[in-house]
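Peer 1: Got a structure here, written out as structure tokens. Questions coming.
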Amino acid sequence: MAAAGGGGGGAAGRAYSFKVVLLGEGCVGKTSLVLRYCENKFNDKHITTLQASFLTKKLNIGGKRVNLAIWDTAGQERFHALGPIYYRDSNGAILVYDITDEDSFQKVKNWVKELRKMLGNEICLCIVGNKIDLEKERHVSIQEAESYAESVGAKHYHTSAKQNKGIEELFLDLCKRMIETAQVDERAKGNGSSQPGAARRGVQIIDDEPQAQSSGGGCCSSG
């Protein structure tokens with residue numbers, strides 16, 4: 001769900017709240033990416049996520065305040081059926097694979113199909129090849145991964161949670177894309193469009209003045 005709040009400050013002063021979900025197989029490093037981004041922490045020991053965990057991050061991008069609600073989902077097969085519960089109303093999805101594990105890349109394709117089926121083309125997709133610190137053990141070709149990402153309307157990124165590479169760029173770019181999508185929805189609403197895609201994502205404009213603040217949608221209220 002995305003909420004854009006604006007008072008008298010115009011577009012530059014808008015505040016946006018976005019929901020981002022991380023998907024991928026177990027052991028690809030989803031939790032490590034989130035912890036590195038939100039808390040600048042890294043643990044060499046494998047961290048198993050059970051069901052889903054939730055972290056928040058606040059940013060300022062070109063004068064626009066952004067609140068991110070980041071959902072880190074479990075990768076184990078037995079939790080896959082719970083996926084729709086967590087990625088419902090998401091504005092962005094980060095689909096992570098391990099560059100040393102071809103099967104984890106193939107599983108990303110299944111997630112893409114499911115997201116497109118459930119959320120359509122409005123959700124911003126990022127396909128991420130993690131663990132580039134293990135480049136010598138790579139089993140997924142860069143060309144194949146980038147070609148696939150382009151074919152499904154996603155952007156491809158390379159990251160290393162261990163070395164803290166590519167993570168800031170990943171989230172910054174995703175935020176910019178989600179802002180652009182929200183602005184398109186706002187313009188469509190201003191032109192009288194019924195904007196079914198925006199309604200499905202819960203995009204709304206909120207008066208940012210103190211007397212008109214809404215108490216709902218508190219997914220980014222902590223962190």
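Using the three backbone atoms N, Cα and C, a Cβ is placed for every residue, glycine included.
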Peer 1: If I go by Swiss-Prot, the feature motif 'Switch 2' sits on one of 74-92, 150-168, 188-206. Which?
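Peer 2: So the range that Swiss-Prot calls motif 'Switch 2' is 74-92.
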Peer 1: Among 41-54, 97-110, 209-222, find the range that Swiss-Prot records as motif 'Switch 1'.
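Peer 2: When 41-54, 97-110, 209-222 are checked in Swiss-Prot, motif 'Switch 1' belongs to 41-54.
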Peer 1: Across all protein chains in the structure, which of the binding-site residues Asp44, Asp72 has the highest Cβ count within 10 Å?
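Peer 2: Checking each of Asp44, Asp72, the winner is Asp72.
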Peer 1: Spatially speaking, which of the binding-site residues Ser32, Asp44, Lys131, Ala161 is closest to Asp72 (Mg(2+) binding site)? Use C-alpha to C-alpha, please.
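Peer 2: With Cα distances computed to Asp72 (Mg(2+) binding site), the winner among Ser32, Asp44, Lys131, Ala161 is Ser32.
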Peer 1: According to DSSP, collapsed to three classes, what secondary structure does Thr31 (Mg(2+) binding site) have?
Peer 2: helix
